[in-house]
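Undergrad: Taken from Swiss-Prot, the feature transmembrane segment applies to 13-33, 45-65, 85-105, 150-170, 200-220, 242-262, 289-309, 310-330, 339-359, 365-385, 460-480, 496-516 (among others), supported by sequence analysis.
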Amino acid sequence: MNFVQPVIQWASLAPILIVLGAAVLGVLIEAFAPRRVRRPVQVTLALLAAAGAFGAIAWRWAEVIGGGGGAPSTVVVGQLVEDGPALAAQGIIAILAFVGILVIAERGRRGAPGSEDAFAPQGASVPGSDYEDRARRAGLVQTEVYPLVLFSVGGMLVFPAAGDLLTLFIALEVLSLPLYLLSGLARRRRLLSQEASMKYFLLGAFSSALLLFGIALLYGYSGSVAIGEIHAATQATTGMDGLLVVGLVLLISGLLFKVGAVPFHAWTPDVYQGAPTPITGFMAACTKVAAFGALLRVVYVVAPAMTWDIQPFLWVVAVLTMVVGTVLAIVQTDMKRTLAYSSVAHAGFLLVGVVAMSPEGISSVFFYLLAYGLATIGAFALVALVRERDAEGNVTAEASHLAQWAGLGRRSPVVATVFALYLLSFAGIPLTSGFVGKFVAFAAAIDGGAWPLVVVGVLASAAAAFFYVRIIVLMFFTSPAEEAGAPSTTVVRSQGFTAVAVALTAAATLVLGVWPTPVLDLLAQATKFVV
């Protein structure tokens with residue numbers, strides 16, 4: 001028996017290796033570096049890893065898509081795929097991860113009130129215990145979050161590029177497990193944070209079971225877990241369509257959990273509310289990109305032969321997601337829960353682009369993900385800066401109740417104005433990136449014959465504008481309630497990381513709304529999947 005040595009295309013793996021290598025190096029830094037230098041070293045390493053990954057992705061794009069001599073293909077013995085959609089998803093993830101790490105690194109200006117990061121000084125301590133109190137007084141800083149974030153980003157880079165379903169599952173676990181931990185590390189409201197972590201873990205395990213069951217059925221149908229071979233089996237196999245449809249529905253359901261689509265959205269409001277706010281922004285933006293990248297590959301590569309069987313399922317999920325997300329967002333009184341249900345509604349709008357089943361649908365989904373992700377990270381970055389101040393003048397938890405945002409436009413007009421920009425983008429108001437994202441997604445759906453979904457999407461967008469405008473009215477045209485002993489609202493001064501992140505995301509929201517053509521043209525090249 002002759003053993004054939006597998007050929008590994010190291011250049012194609014460069015973005016993933018950069019991020020995972022930096023994550024491993026971050027673990028070694030935690031073990032051996034002096035405590036005083038860990039934070040600056042970890043922040044620098046994480047930012048360089050995200051920037052380096054984006055540079056490697058840009059290089060691979062030039063080689064594979066830009067005519068540099070390469071071609072879209074499967075790599076690492078078919079375990080991964082290097083094609084336009086995979087590189088587009090990876091590039092967006094790298095951009096959002098860089099901005100998200102900037103927000104995670106924020107700890108307030110030294111000596112100013114609230115000059116602490118968002119993470120518990122000792123994650124393993126019992127909330128309110130003497131151990132936690134001693135860790136807080138000692139000024140301990142949880143720098144393990146940076147390698148955890150990088151491990152999650154590494155899984156996200158693999159997820160949309162997976163060439164077989166086992167690689168897809170492993171990538172799902174690699175991106176999810178760090179997020180389960182990070183969700184329970186909030187410095188403030190520790191019990192709520194730990195509850196969010198437990199709910200996310202339990203429901204995530206349930207979704208993983210659905211995904212695995214779907215993989216098992218698809219393997220039984222095709223005799224392979226390779227996505228390309230399953231596609232080939234759909235063209236040749238007859239008499240087993242029931243097995244294929246059930247397997248696809250279960251597999252897609254597992255992916256829809258990560259997207260936050262109805263009825264797989266139950267974790268979203270609780271986790272978004274309880275997790276550290278910077279992690280919420282990172283998770284809401286980056287996880288969505290990775291999950292939609294994988295969903296597009298499954299729907300466009302495996303499911304085309306079963307379009308008439310799968311499309312009704314996706315249509316129902318899209319309608320429910322848009323309607324339920326919008327209606328429940330309207331009745332929320334907590335800012336983070338409002339943005340959580342807004343995220344659910346946006347998942348529905350993105351699904352409208354997915355069901356277009358056309359190249360324009362693919363490029364529109366990626367543009368929407370970029371626009372939504374940038375605005376989301378910026379919005380949660382500002383939520384983390386708006387805090388409560390008690391009667392003694394101590395700055396405490398985030399001012400997450402909507403009533404606490406009343407009059408913010410007078411106290412901090414810059415913060416309120418930029419936050420209003422993000423809200424207008426979420427609402428799809430012209431001259432913002434959110435408008436262009438919705439427009440191209442809905443246009444692709446109309447061309448694909450899904451005009452009823454577009455009608456529902458337009459009506460849901462109009463209804464969603466109510467709660468976005470309500471927050472803007474609160475900030476600029478409502479006086480804050482003054483109750484004796486009630487905490488006031490203040491905006492903590494940024495150390496600089498959040499200021500840079502907000503400046504980048506706000507500028508991108510405007511530029512992509514006014515001049516989206518270069519990005520749309522670039523993404524139009526990333527619409528062909530390798531089978």
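Placement of Cβ uses the backbone N, Cα and C atoms for every residue, glycine included.
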Undergrad: Tell me whether the transmembrane segment (496-516) sits in contact with the transmembrane segment (85-105), defined here as at least 3 Cβ pairs under 8 Å among residues 6 or more apart in sequence.
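TA: Contact between the transmembrane segment (496-516) and the transmembrane segment (85-105): present.
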Undergrad: Do any residues, 6 or more residues outside the transmembrane segment (460-480), come within under 8 Å Cβ-to-Cβ of it, and if so which ones?
TA: 322-323, 325-327, 329-330, 332, 335, 338, 342, 345, 348-349, 402-410, 416, 419-420, 423-424, 426-429, 438, 488-489
Undergrad: What residues in the same chain, six or more past the boundaries of the transmembrane segment (200-220), come closer than 8 Å to it by Cβ-Cβ distance?
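TA: For the transmembrane segment (200-220), the list is 165-166, 168-169, 172-173, 176, 179-180, 183, 230, 243-244, 246-255, 257-258, 264, 266-267, 270-271, 302.
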Undergrad: What same-chain residues lie close to the transmembrane segment (13-33): Cβ under 8 Å, and 6 or more beyond its ends?
TA: 41-42, 45-46, 48-50, 52-54, 56-57, 59-60, 75-76, 80, 90, 94, 143-144, 146-148, 150-151, 153-154, 157-158
Undergrad: Count the Cβ pairs between the transmembrane segment (365-385) and the transmembrane segment (150-170) that lie under 8 angstroms and are 6 or more residues apart in sequence, then report whether there are at least 3.
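TA: Counting Cβ pairs under 8 Å (6 or more apart in sequence), the transmembrane segment (365-385) does not reach the transmembrane segment (150-170), since there are fewer than 3.
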